[in-house]
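Here's the feature list from TrEMBL:
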type	residues	note
BINDING	H69, H71, H226, D300	Fe(3+) binding site
BINDING	H69, H71, H226, D300	Zn(2+) binding site
BINDING	R78, Y136, H163, Q229, T305	4-imidazolone-5-propanoate binding site
BINDING	Y136, N302, G304	N-formimidoyl-L-glutamate binding site
DOMAIN	89-363	domain 'Amidohydrolase 3'
Amino acid sequence: MALLVDRIGELVTNDPTTGEGPLGLIRDAAVVVTDGRVAWVGPRTRAQPCDDVLDVGGAAVIPGFVESHSHLVFAGDRAEEFAARMAGEPYAAGGIRATLAATRHATDRDLTANLIRLADEYRRQGTTTLEVKSGYGQTVRDEERSVRIASAHTDEATLLAAHVVPPEFEGRADDYVRLVVEELIPAAAPSARWIDVFCERGAFDVDQSRAVLLAGKQAGLGVRVHANQLTAGGGVRLGVELGAASVDHCVHLTDADVAALAGSDTVATLLPSADFSTRGPYPDARRLLDAGVTVALGADCNPGTSYTTSLPLVVALAVRELRMTPAEALWSVTAGGARALRLDDVGHLGIGARADLAVLDAPSYLHLAYRPGVPLVRDVLKDGRRG
Ligand SMILES: N=CN[C@@H](CCC(=O)O)C(=O)O
Ligand SMILES: [Zn+2]
């Protein structure tokens, strides 16, 4: 059965062969969906009649957001830590340990309920593809169950086996890395698609990160890295060296980091809501874009640095604070996220793509940045279906 999404005032396809400019814009458009995929897209006057019609009444329609960086398997929150930060405390990697303790005590059922709650929040705000990381367990048992819980809800589950050195390994990071390589990854990798590591002062250094990522690669996982969030360490170059799909945060970059990214297939994923919520500096998106680096944007939902599921907020921050154009920001949060996950059938609405789209309560995608904080996502289709 075919569905006609009709009377679209402005359609963003992200397919420059179908519409105008890099966003592939079509005005007065329609989309035909069959079997959960885009079967046809073009001016509405040329659309064939279909059994089912969704009349959006002149609204803008965009590809569903692709979130390539979230931490949804956790218990508790850290509102007090946030308040202390707003009163002047700096963010440090060690805060993760508070969530570690709460997560280890939580049941699978509690962790699942929290994940579903946050994934629903993401969906209501237009996100149709969601990567989810483990990383608040840091024992073989807790990482294995975290990534298993994530994988029941997404194909994009990431084993963040080395997020922080757990308290029982205080001063013995190398021993923890050995446990990760020898026991944790073999136990948890079957539930994951990706391996990730927090390569940062206070977390894991470059050699420790390399050992973890290589063990993950060996187990068949794709590589992603939390890199250069707090300092200009070696995380970005390590990611490029290992062929990472994405290096994430990228706040503190040297010229050599930018050059390495520009000469690679590795995406730089920027997470401005984390910088907003830690009151940290923002990354220099223009420097990356001008060097030809592929830039993605994510919300990085987690209880420590960025307790938001709003990719519309991220678009507004990217435009206002990172000086990206609205078109660049929208591309980065849809097609860019897809590149960061090495997916080619999401993040755009070309023929054959998944029919994942968001209908906005607005005549143009420009309103995502122009009307910050306003709930503009009116309807969401995932694989051509609502809900
Ligand atoms: N930077 C490391 N990981 C998370 C923060 C985790 C936490 O503070 O709980 C992030 O992506 O920002
Ligand atoms: Zn993160």
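Quick reminder: no glycine exception, Cβ is built from N, Cα and C everywhere.
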Could you tell me which of the binding-site residues H69, R78, Y136, G304 have their C-beta within a distance under 6 angstroms of some atom of ligand 1?
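Once distances to ligand 1 are taken from each Cβ, G304 fall under 6 Å.
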Looking at the binding-site residues R78, Y136, H163, Q229, G304, T305, which have a C-beta within less than 6 Å of some atom in ligand 2?
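Cβ < 6 Å from ligand 2: none of the binding-site residues.
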Taking 8 Å from the centroid of the Cβ atoms of H69, H71, H226, D300 as the cut-off, which other residues in that chain fall inside it around the Zn(2+) site?
S70, K133, D248, H249, L271, A274, G298, N302, S306
Tell me the Cα distance separating H71 (Fe(3+) binding site) from T305 (4-imidazolone-5-propanoate binding site), rounded to the nearest angstrom.
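Checking the Cα atoms of T305 (4-imidazolone-5-propanoate binding site) and H71 (Fe(3+) binding site) gives a distance of 11 Å.
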At the Cα level, what's the spacing in Å between G304 (N-formimidoyl-L-glutamate binding site) and R78 (4-imidazolone-5-propanoate binding site), rounded?
6
Given the binding-site residues H71, R78, Y136, H226, state which is nearest to N302 (N-formimidoyl-L-glutamate binding site) when distance is taken between Cα atoms.
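The answer is H71.
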For the domain 'Amidohydrolase 3' (89-363), provide the mean pLDDT of the predicted model.
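It averages 97.
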Near Q229 (4-imidazolone-5-propanoate binding site), which residues of its own chain have a C-beta under 8 A away, given they sit six or more steps off in sequence?
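The list for Q229 (4-imidazolone-5-propanoate binding site) reads E200, H249, V251, H252, A274, given in order along the sequence.
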Among Y136, N302, G304, the annotated N-formimidoyl-L-glutamate contacts, find the widest CA pair distance and round it to a whole Å.
11
Give the sequence-ordered set of same-chain residues, not counting Y136, N302, G304, with Cβ within 8 Å of the centre of the Cβ atoms defining the N-formimidoyl-L-glutamate site.
H71, F74, R78, I96, T99, G135, H163, P303, T305
In sequence order, which same-chain residues at least six apart have a C-beta under 8 angstroms from H226 (Fe(3+) binding site)?
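Those within reach of H226 (Fe(3+) binding site), by Cβ under 8 Å and sequence separation of 6 or more, are L160, H163, D196, V197, F198, C199, E200, A203, G235, D248, H249.
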Between Y136 (4-imidazolone-5-propanoate binding site) and H69 (Fe(3+) binding site), what is the CA-CA distance rounded to a whole number of Å?
15
I'd like to know which of these binding-site residues, H69, H71, R78, H163, is least surrounded, judged by other CB atoms within 10 A.
R78
